[in-house]
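Okay, structure first, notes after.
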Amino acid sequence: MENDPSRRRESISLTPVAKGLENMGADFLESLEEGQLPRSDLSPAEIRSSWSEAAPKPFSRWRNLQPALRARSFCREHMQLFRWIGTGLLCTGLSAFLLVACLLDFQRALALFVLTCVVLTFLGHRLLKRLLGPKLRRFLKPQGHPRLLLWFKRGLALAAFLGLVLWLSLDTSQRPEQLVSFAGICVFVALLFACSKHHCAVSWRAVSWGLGLQFVLGLLVIRTEPGFIAFEWLGEQIRIFLSYTKAGSSFVFGEALVKDVFAFQVLPIIVFFSCVISVLYHVGLMQWVILKIAWLMQVTMGTTATETLSVAGNIFVSQTEAPLLIRPYLADMTLSEVHVVMTGGYATIAGSLLGAYISFGIDATSLIAASVMAAPCALALSKLVYPEVEESKFRREEGVKLTYGDAQNLIEAASTGAAISVKVVANIAANLIAFLAVLDFINAALSWLGDMVDIQGLSFQLICSYILRPVAFLMGVAWEDCPVVAELLGIKLFLNEFVAYQDLSKYKQRRLAGAEEWVGDRKQWISVRAEVLTTFALCGFANFSSIGIMLGGLTSMVPQRKSDFSQIVLRALFTGACVSLVNACMAGILYMPRGAEVDCMSLLNTTLSSSSFEIYQCCREAFQSVNPEFSPEALDNCCRFYNHTICAQ
């Protein structure tokens, strides 16, 4: 059997066939590109000679494929060149389009110009970091004697302090109410130091640099004209961008519901904004911004990489999403670092909710500034309350990486972001229903108890307006506005900031509509300065309902550290609440009234169809004026909208 010739021939013939089945197509293409037939060592001339002797030419089609295969080989060899050519043509076309758009109407093309500058900055930073990064780090490395460097740093700190004192003395001569806000910062910092876990271990470098960065950011946004205009423009672009939510929500719910029902008007914005943030995470833009902000705080304040990344991430994401950035490192973080993570979550708001608050009519510039300024302040005050006394494993940023998510493409990233927001929207809706119902019940119960002892109108808001009035005054709010601001602070602390911002928007709408300031003993609106400071003070998740959210989120990531989280959560909540108050005080120091003065004589002598804040101010000035500078027609215009004793004459 073994010597059977037929079997031997069969085994010889099947062996090369079996090997050829592994990748016949690849062998075929490689052979053609080399100018040979598969499994043949003959040259093309020898093959053609053998074909001429044979009857048919079975491989005549292979010659027809050779030009295409050679073209493919050429493209492979010069792929990088083709990419550069394509990129160059694309950049040339975009540059020409941008140039033409700017020449035709620069204001119309401003958004495109800014986006182009952002992209160029991003690409330029990557290129410079790759080419000059090591050289710049060596150049910027401190040189000289350590003691000399120490005295140099102390001299800079002293100069900065003296400059701040000089600036305050000159600036507050025009607006003395700024001194109250400065005193508020001193009081809140002293209170937090008194509550510190380890008084002797406080890193005053972290505290001073954190408050200094907060001041510089506030100075850039609030006081300087270019910074204010830039953030005002950014807020307007965000408002316009969020208005596109109406297209989707109107299609799903209908025009009538979107126009009149709060849930269908505001909550879809959270879905849209969450979708956009998810896409930005997928392309890496969010990670780049977070890393740059974290790097700035780390090199100045001397904090660790993980805690700094978490606080920087809180500018854009919520208290439960920011810890996901450092999830692999939570198990090994010290208690001080975990305290920073919690404080950062309580001291800021999520980017998706930022869009919802802007839709209420809250000032977008103040919201954006509050979110950015809160990050260094949260890091500083957290290190004041819970200083580092352990050895951290994350002193340097090497080995700490940010993920880009699990999405494989932009469509999946957008879909995932929208799906994740459903839980957030449902949570907000459920909390609003529950908290507003509880608040109404508490007010009814307090009113019932107050009636028994002849106290009329007793409510939760009234109690807060008395208890928290000194806190509102320390922020720099005028005393007549303090009851309303204290009421909003109480709602934010004991219920949530969503309800408080809703109430603040109602006060703002009344002011803009030109409503009378007082109706009986009840104030109908507050000043613009009080609105801005309240916007800063409410910008944070520091309320008692967030304790369960924070503990639940962190415990789900690191179950073995549940006792550590429970140990410091109340301290972090208190610190986060104080961060928002210090943020408001900083805004009070830097706030400056803007806008041109209204010419009341010209305004009141025109035909008025509706009231406004400017008309109310002018009419109040006309009613209180003792000089006959306002014409009877101007007073008649005012009497159409407001009641005054002069109108009865």
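The backbone N, Cα and C atoms fix where each Cβ goes, and this holds for glycine too.
What you see is a predicted model, and the numbers here were worked out from it, not measured in a lab.
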Please state if Pro146 and Gln560 fall on one side of the membrane according to Swiss-Prot. yes
Report the same-chain neighbours of Asn605 (N-linked glycosylation site): residues 6+ apart in sequence with Cβ closer than 8 Å to its Cβ, ordered by sequence. Ser631, Glu633, Ala634, Asn637
In the same chain, who gets a Cβ under 8 Å from the transmembrane segment (424-446) while lying at least 6 residues past its ends? 263, 267, 270-271, 274, 318, 350, 352, 458-461, 463, 491, 495-496, 498-499, 545
Inside 10 Å of the Cβ of Asn643 (N-linked glycosylation site), count up the other Cβ atoms and send me the figure. 9
Mind checking which residues of the chain, 6+ beyond the ends of the topological domain 'Cytoplasmic' (361-366), have their Cβ under 8 Å from one of its Cβ atoms? 221, 228, 231-232, 234-236, 238-239, 501, 504-505, 508-509, 531-532, 535-536, 587
For the transmembrane segment (202-222), could you work out the same-chain residues 6 or more beyond its ends whose Cβ comes under 8 Å from its Cβ atoms? 157, 160, 164, 185, 189, 193, 196, 228, 231, 296-297, 300-303, 365, 368-369, 372-374, 376-377, 379-381, 383-384, 387-388, 582-583, 586-587, 589-592
Between the transmembrane segment (179-195) and the transmembrane segment (570-592), are there three or more C-beta pairs closer than 8 Å, counting only pairs 6 or more apart along the chain? yes
